[in-house]
Every structure is written in structure tokens, then in C-alpha cells.
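Annotation source TrEMBL lists transmembrane segment at 20-41, 61-93, 105-129, 135-154, 187-208, 253-274. Under the heading domain 'ABC transmembrane type-1', TrEMBL lists 67-270.
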Amino acid sequence: MSFFKKQDSDDRLSLFLRLVVYLSASLAGLATVFIVGYILLKGIPFLRPELFSWTYNSENVSMLPALLNTILMAILALLIALPIGIGASVYLTEYAKSGNPLVTVVRLATETLSGIPSIIYGLFGALFFVKFLNLGLSIIAGAATLSIMILPLIMRTTEEALLSVEDGYREGSFALGAGKLRTIFQVVLPSALPGIFSGVVLALGRVIGESAALIFTAGTVAEVAKSLTSSGRTLAVHMYLISGEGIYVNQTYATAVILLILVIVMNLLSEWIANKLGRNKHE
């Protein structure tokens, strides 16, 4: 009799936990749909040609210069952070011995950097890149600051991707006479590409949505940057600045729509590339 009571109690607990999980997932989905839908409804009606003029002024409030600056800064930040992040992850997973003090220090530093607020990165960038290196408020100063921000994310996701590669691939490569370096570049890294690419996408999402750090490093000039040493605002900074003025509410929502579309397209593209890389891996 006690067995059936225990079984009945376990069934009720399992049902309760299942309901909690489904309810939590539904609430998260509804919140996402509500936020995205609200932004689209408020912003799409105000997507007009003047918002994409080459030159910004107080009448058209063009977002095109900010959009181009965002793309440029994202590319630069990745060009700086990717080689360092992937190289450090390869060392930690493929070369460093367990118990190495350097590994402990690097991982502790990575975890610490990932928890620092973006405004602190902005202050560091203003003091080091803008003032000490005398780069001024510029695209390159903003990109360098962003590269430090996304470095922990790239390192963590790359390390996890490398660790997920089965040891059988490495052992098979060694058995065929390949050296350590050749195995890493021709076997391990290609197998880990989908995971690495996912980390790149997450890093891009943070770069595109960042504003606090860039106000102190890249500046707020509303024009297309003529060089890497020119000042320029990104989409997130542009949206923050025009929303604070209180007279460009509609244009702010329109900018948010473009920012949202940019993130969605980037995620869809990354999923397609990751799936393609995954299929090629198993062929």
C-alpha cells in the first residue's frame, strides 16, 4: 500500500514540475513576442526614406551613418578579439597542462572580465585608448574597447567548442602521422567551428547593442566615419541620444526596428551557417 502511495506522490510531483517548466517557457515566449511585437508596431509605420539619408540633420534624423559605423566597429572588434580569443582557448585546451597556475589565472581573469559592467569598460577605454594612447574619441578606440568586452565570451564559447571535439579525432590524426599543430588546425578547429561561430554571433549581439562604453570612447558624432580615427556613433548610441531629446520618439522606435531586424537576420544567418558547418562535419 505504501508503495502505491509513494508512486502516486511521485507522479503528482512530476506533473507539478512539468507544469512549472511549461509555464516558465510559455511566459518567456510571451514576453519575447510582446516586446518584439510592440517595437514592430510602434516603429514600422515610421520607417521612411529620410531616415536612411547619407547626411544626418535635425530634420531627417538619419540612422544610416550610425548603421554603417555599427557595421565597421563590429568588424574591427571581431578582427581584434577573434585571433586573441581563439588562440588563448587553443592554448588552454590543447597545450596547457592541468593544474598549471597560468591556466587558473587566465580563467579567473576571464570570469572576472565577463562580470564587469560595460560602463567600467567605457571608463577604461576613455583613460587608456582615448587619453593614454592619444587615439581620441574614435572608431578604433571604440572597437578596441569592445574587443576587450567580448574577449571573455569568445574565449569561453571557443573553449567549450574545442572540449566538445571527441578525442578520437585527435588520436586518429596522430595515428596518421600528423603533428600537434596540424591536428589542431586541420582536425580540431574545423570540428569546433559551429560552436565557435555561435560564440561569434553572441559577441556580435553584444557589440551591436552596446552604448554606454562607446559614448566615452567612440563619441557621438552623427556622420559616417571618414577614417578609423574619426568619431562616430553606432545605432545603439544613436537611439539612446535621440530618445533622450524627447522629440524624436517615433524615429527612436524606427531605429529600434532596424536594430531588431539586424539582430534577427544575424541570428538566422548564423544558424544557417552553423547547420551547414555541422552537416559538412558529418559528411
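Placed from the backbone N, Cα and C atoms, the Cβ positions cover glycine too.
Since this is a predicted model, take the numbers as computed values, not measurements.
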Recorded stretches the transmembrane segment (187-208) and the transmembrane segment (20-41) touching, at least 3 CB pairs under 8 Å: no
Dominant neighbour of the transmembrane segment (61-93) in 20-41, 105-129, 135-154, 253-274, by Cβ pairs under 8 Å: 135-154
Folded-back contacts onto the transmembrane segment (105-129), same chain, C-beta under 8 angstroms, at least six residues removed: 88, 92, 135, 140-142, 144-145, 148-149, 151-153, 155-156, 210, 212-217
Non-local residues, at least 6 beyond the ends, that sit with Cβ under 8 Å of the transmembrane segment (253-274): 36, 39-40, 42-44, 46-48, 51, 63, 66-67, 70, 194, 197-198, 200-201, 204-205, 208-209, 235-236, 238-239, 242
